[in-house]
Amino acid sequence: MKNNIVIITGITASGKSELCDNLREKYGNISIINCDSKQVYKEIPIITAQPLKQEEFYKLYGYVSAKENYSVGLWLEDLEKEVNHALENAQIPIITGGSGLYISSFIKGLSSMPQISQEVRKNVSELRKNLSKEEFYKLVLSKDSKVQDKICINDSHRLSRALEVITETGKTIFVWQENRQPPLFDNFKIYTILPKREDVYQKINSRFIKMIENGAIDEVKKLLSMNLAPNLPAMKAHGVPEIVKYLKGEITLDEAIQIAQTNTRHYAKRQYTWFKNQFPSSEVIDCANELTALEIF
């Protein structure tokens, strides 16, 4: 075995789950460990495309309540236990998913990020909602000039986070990111799946239709019945906000589907740029089938 731990990451709908299934069938002694921040929630297996899991092989999927504000720090604690358990039982841990913050924190160590007050979060959220994309970007740059070279104008989530941090602390988010805890492990190999965009966009569109057919609307109904705060992570999973609007009568089902597909495609586009620049040691694979054929262990 070349590396004790394998990381398989990549953009959404790139075939990571199917690849892990194929590798498990090929090698057998594998523990597949989730690093998708939304696939941890047990109430939304369909809309987050969780694998049809067998507990002995799939770990950290669908085990957290949607009521919880699960964090990367908690995930790292759970991950460490699962990786060690796999190694102790002569299994190969495969960490897989597309949450960039989770992957980055595993590889580089967890950043000591500050707590952000609810008041600051609310104010930034209102600004993001009420300003145009260009106006919001200009505002963030006026507070933190370092953003210009590091965050693109279309990445509203990271721009909001940067504005929250500098508003709360007076320091740029990039200073906080440099202050990291040591990584949990260093004996890993990372592969990044970046297929052709057209193929991914087509899969995103068809996959969301299948989610609707398989019961995604009922999942979101259950979330609404739980009276969850709209800022909880589970309520922000791709497709959930759009279906919520449909269930409240604000848009039609066709509109909800189209908007969710568009938003997910935009997310995939941002992921392309992010993954290409973040992990220089990663081996980039165009197609998941290529990796299945490789002798990666």
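Here the Cβ of each residue, glycine as well, is placed from N, Cα and C on the backbone.
Between the listed ranges 36-39, 132-135, 180-183, Swiss-Prot ties the annotation region 'Interaction with substrate tRNA' to 36-39. In this structure, the binding-site residues GLY10, GLY15 were compared by how many other Cβ atoms lie within 10 Å of their Cβ, and the smallest count belongs to GLY15.
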